[in-house]
Amino acid sequence: MAEKGDCIASVYGYDLGGRFIDFQPLGFGVNGLVLSATDSRACRKVAVKKIVLSDARSMKHALREIKIIRRLDHDNIVKVYEVLGPKGSDLQGELFKFSVAYIVQEYMETDLACLLEQGTLTEDHAKLFMYQLLRGLKYIHSANVLHRDLKPANIFISTEDLVLKIGDFGLARIVDQHYSHKGYLSEGLVTKWYRSPRLLLSPNNYTKAIDMWAAGCILAEMLTGKMLFAGAHELEQMQLILDTIPVVREEDKEELLRVMPSFVSSTWEVKRPLRKLLPDVNSEAIDFLEKILTFNPMDRLTAEMGLQHPYMSPYSCPEDEPTSQHPFRIEDEIDDIVLMAASQSQLSNWDRYPVSLSSDLEWRPDRCQDASEVQRDPRAGSTPLAEDVQVDPRKDSQSSSERFLEQSHSSMERAFEADYGRSCDYKVGSPSYLDKLLWRDNKPHHYSEPKLILDLSHWKQAASAPPRAAVAADPVSREDEPASLFLEIAQWVKSTQSGSERASPPPDAPEPRLSASPPGHPTPIDGGASPQFDLDVFISRALKLCTKPEDLPENKLGDLNGACISEHPGDLVQTEAFSKERW
């Protein structure tokens, strides 16, 4: 098996020396390919992301990703162990001297996209996952970071303990809320199905609220099993949003009338509100979605406010929802802007910034820092300058969790002194709940659900059961016809659509399921229409290619992968849509 893994590594161009063995394909990140491997030194399974540094632009994006992931340390964020160069060498702050970089990170069993492909989650599972997603977003946003690519494929799940972790920060961006970043933000990064209306209208001007819109779309998808707004292109995406999300503010109405008047109803009434679009979702969840999926980002809940909503009350615990103690500042964003300008000339110009580069690459989460050197969360008691700047819509400086931080003499000292098992109000209504908590490293994860974890006790047996014939889902029919200008486009797209598109790489093994049946009653897995990865075929063809490396054309890997996956007619449309989302 080790020889097969080494062959796979050579086929994909992985050169990490002999430390990592048993490579297996996992998928593709935004900036590179991802393989699983076994770290023989640490004796653990890891995921290794390869980033090719082919030019100044790719190097700039790699530096930004490494800078961000090295500083983020949270239970609901995929942990990064180290960043290596060719042959497993240490980068030592000299990224610009290498042609490739490897990010060694925590291995996660599956992702949310794979789980959703197997069927609708129970509401209990959806609520638990949404809580952890907001818990991770609260920390990310407090660090002045935008993820910018939240979608089920970038949300990873451990089916053993139901822990959710946010991953793939290849498109993440540092944004200091006290300064205007207008003109320096990239266009259209979020996958269009999870793209907010503000991002569709003004792709260069957005805030942390774009992540919250994506989170709301993901919650609706978990509750219903299908994408909330599955537009074939940006025009249809905006049309679907306007059919469901009300436009309240006058400035938004004026902009829509100026930009796309044919798509706007004269009465500004929505055709299918969320309560009608999602008839099987309970009223409390609908209220939660209505507060997240607002047309204007100023009216949208923040991650911290979402954690305090009644829908999250079974898990809400402000004392166990930490924020970043070392957020990124405007200086970090300026470094990126300077590097962007420097990359336009030549790579050697980057030698002018060795300090900022090496400090970001050599930072460790456990590094000791003096309290005076740590910048507090800028949202806690800070007052923005009264200048003409873009104001972040997080107008919640007096929220309960921030008052908790301000009243404590030190948030770090409070974290060490607090006994979470006794001081936290878990609001679960069960006197024995604390006795069932999942403990790790002498502290509980208060959001762990023993009952839901028990529901997974038979997923391995169910995964080995013979699959039943899959029943193709009928496409969702529309009740109303689109606007006149949109009709021709919709008719053209209709011929290529066979259902809701989903952009996710094909699995290479049977994926674990979240069983909805009680413990002791495993649920058989329904056979899906997703393509299956044949490892034996892949290995045999890979060995043939390895014997003739000089004859390997650039597109040979695509032919190899295609030969190992069974084709389905519907996959062609999905593949085309998925490739367009990776721009």
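We number each residue from 1, going along the chain as drawn.
Cβ coordinates come from backbone N, Cα and C, glycine included.
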From the candidates Ser430, Ser504, Ser517, the one which Swiss-Prot records as phosphoserine: Ser430
Per Swiss-Prot, the candidate from Ser186, Ser411, Ser579 carrying the annotation phosphoserine: Ser186
Per Swiss-Prot, the range holding motif 'FRIEDE motif', considering 262-267, 304-309, 328-333: 328-333
In the chain carrying Val34 (ATP binding site), residues 6 or more apart in sequence that have Cβ under 8 angstroms from it: Leu26, Gly27, Phe28, Ala47, Val48, Lys49, Lys50
For Asp149 (active site, proton acceptor): DSSP state (helix, strand, coil): coil
Reduced DSSP assignment, Leu26 (ATP binding site): strand
Stretch-averaged pLDDT - the domain 'Protein kinase' (20-312): 89
Summary of DSSP states over the motif 'FRIEDE motif' (328-333), given as helix, strand and coil counts: 4 helix, 0 strand, 2 coil
